[in-house]
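What follows is one structure encoded as structure tokens, with my remarks underneath.
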Protein chains: 2
Amino acid sequence: MAQLRRDPIGGRWVIVNTEHPMLPDDFIKEEHKFKPMSCPFCPGNEHMTPPEVDVIRDENTMPNSPGWHIRAVPNKFPALIIEGDLDRRGFGIYDMSHGVGAHEVIAQSPQHDKEITDLEDGEVMNMLSMYCRRSIDLANDKRFKYIMIFKNYGPSAGASLEHPHTQLIALPMIPKNVLEELKGACSYFHYKDRCIFCDILRQEINDKDRIIVENKYFVALCPYVSRFPFEVWIMPKKHNGYFCHATHEELPEMAGILKNVLARVKAVLSNPAYNYIIHTTPVNTPDMEEGYHWHIEIMPKLTRIAGFEWGTGFYMVSTPPEIAARYLREAKI
Amino acid sequence: MAQLRRDPIGGRWVIVNTEHPMLPDDFIKEEHKFKPMSCPFCPGNEHMTPPEVDVIRDENTMPNSPGWHIRAVPNKFPALIIEGDLDRRGFGIYDMSHGVGAHEVIAQSPQHDKEITDLEDGEVMNMLSMYCRRSIDLANDKRFKYIMIFKNYGPSAGASLEHPHTQLIALPMIPKNVLEELKGACSYFHYKDRCIFCDILRQEINDKDRIIVENKYFVALCPYVSRFPFEVWIMPKKHNGYFCHATHEELPEMAGILKNVLARVKAVLSNPAYNYIIHTTPVNTPDMEEGYHWHIEIMPKLTRIAGFEWGTGFYMVSTPPEIAARYLREAKI
């Protein structure tokens, strides 16, 4: 019989197929086929993007020219733009506003064919530091309430460019999914006077069944209430709500475990498309941090979302996280 | 500049690309490629499914043999099963229960290659009646709180079988998405003493911009806060929360508009994959119907959900509903 499991943070139920679980070879993976095009993120093509907003580059090299190691630029086709006022207003029964926000892209390395798993540890650290530098800079704009950092890898995960990159979107409101998570964590905190994520970590480290790997400051696990097969969360062991408050000692360990986990996902699932998202507290919004605990959620793209999921908000999970964690834990990397 | 629009029911924001909208030919459609297999829903193969639970068939034909026009059977690989107790319990910090529920499939016609758009109006009416017959029968089981009716058309919308069919899942709890919609509608009702869906209908019929087609009892429109390009809602003009309370006069008009709208979607978007979902009130749950208004949501599968959507719960809509409605309204069918 399948199992129904309830997420204690957001209250979401998932249906876990414990009876006929899908194993790594059972998934049909799509090829990573991109439209052939001149790459705007390759060195020499810096003119193809808007001017860089932050960069780590060799001394004596000019802005917007080769010689960079990691480069942040505004998105050429932004979902939201930084100029203008929100001008929020009604339209009959509806609400609308101008699409004010920011949309940036971070090219992780000058090399077109180097994914995170191919980078040096120092390069992954630079990438994570750049996430923070851009977040902190964008948070200086008091109109923004949330900075969403996410990566789409592979066309079936929504990537339209092949050159490895991460996106940042600054939003003038706290997104619905984030608010739900914050509220869930906050109400647990008020009830128990403890962080729900810390309690989850304690239980998981004790159980061991869903743990993939850990180091001094971080744990990678398949969550008990996964929404997707082989979903992975990377959580800091020390309670901290805001991603950019991670310490200098934590940074190398964070880079190490991210690279390690992505290498396991790649090995076990034959280089699948995936999304990862940094879950962190809002900015310019006091009192929203209580009981929250930042973390990274990695979601390999192995199945299709169908009518049932759209209608219910429930998920059918074809691989129990216990089995997924075992495969990832035992991966040869 | 893009527009941010807020759904007055669930409070979801979407980002509408009003500046560079995608038009029907801009979407990359996937082929409808299925695994070759013997079809369990074709006449003569009735033994390949569990025995039928309801059927419309020719007189003097035997159950589970050819001669049927529409046939409902339990899913051979059900996500949830009908036997047993929920046995809801804690697992440390989490909640779990047995996967109790029901999962049925309705083969819409004996013909493998006849989609809804190819059926006679009477056949579509039979299909919609069968949705109700199965819903009402399943609701007799007091353990069930919600009957979700949905269709996945095409592999990229999650269909694994080619023979046209619809699925029903009976759930022992009200799904998260449904609850949100119910609560939103209910709080508007308490505030205004009016149904929010009725108010939306009034505004849309007045505006005309997003209306595709209407008949005596139904309106088809592209919602102002669409989550997907070319999303369509079919709404009854008369206030009614529960799908199965649609009247006998409404049924032919419902069948007519569903077929008409699907033909438009097919013509404009070159036969795309799609999901549709019937949004209706829960069962065996008193006091949940106030201010709710049943409707059908049709979501063509034209774009991929990426990190931004997963992280935020917001959607980026590449075609404004005003433009989508114009294309669908002017479709040659």
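Just so you know, glycine gets a Cβ as well, placed from its N, Cα and C.
Keep in mind that TrEMBL annotations are predicted by a computer and have not been checked by a curator.
Among B:H69, B:H98, B:H112, B:H190, the residue that TrEMBL places alongside B:C39, B:C42, B:H163 at the Zn(2+) binding site is B:H112.
Summed and averaged per residue, pLDDT over the domain 'Galactose-1-phosphate uridyl transferase C-terminal' (B:187-298) gives 96. Long-range Cβ contacts of B:C39 (Zn(2+) binding site) within its own chain (separation 6+, distance under 8 Å): B:N45, B:H112, B:L161, B:E162, B:H163.
Classification of B:H163 (Zn(2+) binding site) by DSSP places it in coil, neither helical nor stranded. Distance from the CA of B:H165 (active site, tele-UMP-histidine intermediate) to the CA of B:C42 (Zn(2+) binding site) is 11 Å.
A C-beta separation below 8 Å, combined with a sequence spacing of at least six in one chain, links B:H165 (active site, tele-UMP-histidine intermediate) to B:F41, B:V105, B:I106, B:A107, B:Q108, B:K151. Listed in sequence order, the residues B:P40, B:F41, B:N45, B:A107, B:Q111, B:L161, B:E162 complete the 8 Å Cβ shell around the Zn(2+) site centroid, once B:C39, B:C42, B:H112, B:H163 themselves are left out.
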